[in-house]
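A quick write-up on the structure given underneath.
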Amino acid sequence: MSASAASLPPAARRSARLRSAVRLELRLQKRYGFLYAAAFSTALWLAVLLPLPMGYREVAAPLVIFGDLVVVPFFFIAASLFFEKGERTLSALTVSPLRFTDYLVAKVATLAVLNTALALVIVVIAHGTAFSPLPLLAGVATTSVFMLMLSITTALPFSSVTDWVVPSTFWLTLVNTPLLYHAGLWEHPVLYLVPTQGSLLLLGAAFGQADPAAWEYAYAVGYQMLWVVLLGLLARRLYTRFIVAEGA
């Protein structure tokens, strides 16, 4: 750390580190081709929605957005993590002024913004403006952050993407179980224990397919954010266990 940076108050130093982490993350995303992959993913979802009559689009839109939110951030951040493991970028954090928390916040924030933008593009092109923006933005943002945190936390213990892919299918299956509730196949309250139950409540409300009570709105946002905090704490411990300790 430079002498000028060291003389800054702690909050200013943290802000400077975070800005540096965000700039680095944006360069890495460009280098890894994530923007091209995101554009391709958006085109695929639009290819599913646009051929449908408008009445069917209204039914399919929440499911397509949910699928985008579950799959895209989950694999994007894992791919980024394994790229950086292979280049020993994560190991280098242990001897740099950048802290793991700054690295994690920058990575999750930039990818969450990207995924939110993609979801909005899909909705506006396929559905126009006939949706409620607040539930949509709340559902997209909270689900993106939750899925990113779930992915990076489950990926940290593994050394390669091939080792992680099979175990990751368990988590993908689990977060998709609330689809059973919303399809009317298994309307059991136990599915409210799965954070993505809240995602579908918010997306359903955005497209007029659900009318959640006030407590369901609070649950949908608050429960996912609780899991984000818990996963963040776990990710820090896993980083210490599998990156710091093994690199010592």
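Just so you know, glycine gets a Cβ as well, placed from its N, Cα and C.
Some features that TrEMBL has for this protein:
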type	residues	note
TRANSMEM	33-52	transmembrane segment
TRANSMEM	59-83	transmembrane segment
TRANSMEM	103-124	transmembrane segment
TRANSMEM	136-158	transmembrane segment
TRANSMEM	164-183	transmembrane segment
TRANSMEM	214-235	transmembrane segment
Folded-back contacts onto the transmembrane segment (59-83), same chain, C-beta under 8 angstroms, at least six residues removed: 28-29, 32, 34, 37-38, 41, 45, 48-49, 52, 90, 107-108, 111-112, 114-115, 118-119, 122-123, 126-127, 131, 136, 139-140, 143-144, 147-148, 150-152, 155-156, 160-161, 164, 168, 171-172, 175-176, 179, 196, 199-200, 203-204, 206-207, 209
Long-range environment of the transmembrane segment (103-124) - Cβ separation under 8 angstroms, sequence gap at least 6: 18, 21-22, 24-26, 29, 34-35, 38, 41-42, 45-46, 49, 61, 64-65, 68-69, 72-73, 76-77, 80, 90, 93, 131, 136-137, 140-141, 144-145, 148-149, 152, 232, 235-236
Leading stretch by Cβ pairs under 8 Å, where the reference is the transmembrane segment (136-158) and the options are 33-52, 164-183, 214-235: 214-235
Tertiary contacts of the transmembrane segment (214-235), as residues 6+ beyond its ends and Cβ separation under 8 Å: 104, 135, 138-139, 142-143, 145-146, 149-150, 152-153, 156, 192, 195-199, 201-202, 205
Spatial neighbours of the transmembrane segment (33-52) far in sequence, C-beta under 8 Å, 6+ residues away: 60-61, 64, 67-68, 72, 76, 80, 111, 114-115, 118, 121-122, 125-127
